[in-house]
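Features of the protein shown, as given by Swiss-Prot:
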- 287: active site, proton donor (ACT_SITE)
- 172, 238: Mn(2+) binding site (BINDING)
- 175, 176, 177, 189, 190, 191, 194, 195: prenylated FMN binding site (BINDING)
């Protein structure tokens, strides 16, 4: 099913039993986080807090709190179907030339579909039903969560930040958290390699004395939100990709203060500017690592206009030690990454980002090994091929007889197929998430690759072990007599 706006999605989730309305009064200061955290860890529904303490605006949380809801938001019925989205992105990232006239004709509908998904700009839109400007702008009227006891203040956690670099047609969409520091001031915490930060840096170099226009959408439709966190090729805009997910063109409307365009159905839109040299210390905040991050300087976004739908819904989340909502998103998007990696490295069988590894800091890869040193090539490929993995600290590579998603299998491979000195690759002075306080320098640290594959001649001079396995014939004979043995053990009985 496709969703034109956030309200369509909320309505469908409620019909499916995937959303719970909370009518009791709940405080956005800490209480919502505790309720959301307990619910998410139990695999529970999305939560719509209808009576946040001190506010008359409902709060939607845990929207993507299960992989199933992520898949639904992408217009799919289950997580497995996300592989097809990954295949589409892999093709768009590096399209294969047609093998002949027939192949070209078969691929033509896909190219037509992409071309038809350019956004549609409307003259008016629901997101501009109510307009608040200048001195009437007051971010404190929005029920922004204060998530953890040690947080520096309220934090906007699901902002869809819309930017454009100088002389660029393509707009960038990104999710960058924002600390509220005044009635019209937010700290824009974007890392230097992210699209929004790159747009800003280019603008500032070209226009050192001019304010930089920014728009922020809160509560867009699910396809647009998820498009902003998916590895979309640079040649395709997130708005166009959202249209592909939805099956219809993304509807936009011109912002009032700049040439940016915002999602027409968004619940709330913030418009304003980042002024030259306007910086502020951001944090500390509890983060997806399970720790409070250190304080650092980031640009300040001055909000000069707020527009919203009638009776708007504020979309929020929290981040903390996994599993949290970003970790769940990582589990689902893992399925999108696999075909993209396999397009470049066909030898990869599976790729897994364990949520307990903060969704991106550790990767397990299984592969069909073809020559000595092959595992190291795959390690380097993971680190360099997609921007999403430039901060991955640990890459474990195993053979395809190992289940990448089963730690018992992975640990067995590490402890039986690795020599620590020979099979560990250390790379120093590489980009590292600045939130990683374990690195010796902020933003710069090392990476470790672990070759847990069976070793080939040239990698070892010793006779290599053969894994123990029972014959299929014996397994079948035992299956046939199992019921007569009287052994009642869950999991031991044949299917």
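Don't overthink the numbers, they just go from 1 along the chain as shown.
Just so you know, glycine gets a Cβ as well, placed from its N, Cα and C.
Locations of recorded Swiss-Prot features on the structure.
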| residue | record | Cβ within 10 Å |
| --- | --- | --- |
| 172 | Mn(2+) binding site | 21 |
| 175 | prenylated FMN binding site | 18 |
| 177 | prenylated FMN binding site | 22 |
| 189 | prenylated FMN binding site | 19 |
| 190 | prenylated FMN binding site | 21 |
| 191 | prenylated FMN binding site | 16 |
| 194 | prenylated FMN binding site | 18 |
| 195 | prenylated FMN binding site | 22 |
| 238 | Mn(2+) binding site | 26 |
| 287 | active site, proton donor | 21 |
Worksheet item: In the same chain, which residues outside the set 175, 176, 177, 189, 190, 191, 194, 195 have their CB within 8 A of the centroid of the CB atoms that define the prenylated FMN site?
Response: 161, 174, 188, 196, 197
Worksheet, complete the sentence: Near residue 172 (Mn(2+) binding site) (Cα-Cα within 10 Å), the recorded positions in question, chosen from 189, 190, 191, 195, 287, are 195
Response to the item:
Expressed in angstrom and rounded to a whole number, the prenylated FMN site built from 175, 176, 177, 189, 190, 191, 194, 195 spans a maximum Cα-Cα distance of 14
Discussion item. Validating a neighbour-count step here. Other CB atoms within 10 A of the CB of residue 176 (prenylated FMN binding site): how many?
Written reply: 24
Discussion item. Quick check for the class: what is the C-alpha distance, in angstrom and rounded, between residue 194 (prenylated FMN binding site) and residue 238 (Mn(2+) binding site)?
Written reply: 14
Worksheet, complete the sentence: residue 238 (Mn(2+) binding site) to residue 195 (prenylated FMN binding site), Cα to Cα, whole Å, comes out at 11
Worksheet item: If you measure residue 190 (prenylated FMN binding site) to the residue listed as 'active site, proton donor' at Cα, how many Å is it?
Response: 14
Fill in: C-alpha spacing of residue 287 (active site, proton donor) relative to residue 191 (prenylated FMN binding site), in angstrom
14
Fill in: Alpha-carbon spacing, residue 189 (prenylated FMN binding site) to residue 287 (active site, proton donor), which is rounded to whole Å
13
Worksheet entry | residue 287 (active site, proton donor) and residue 176 (prenylated FMN binding site), distance between Cα atoms, whole Å | 13
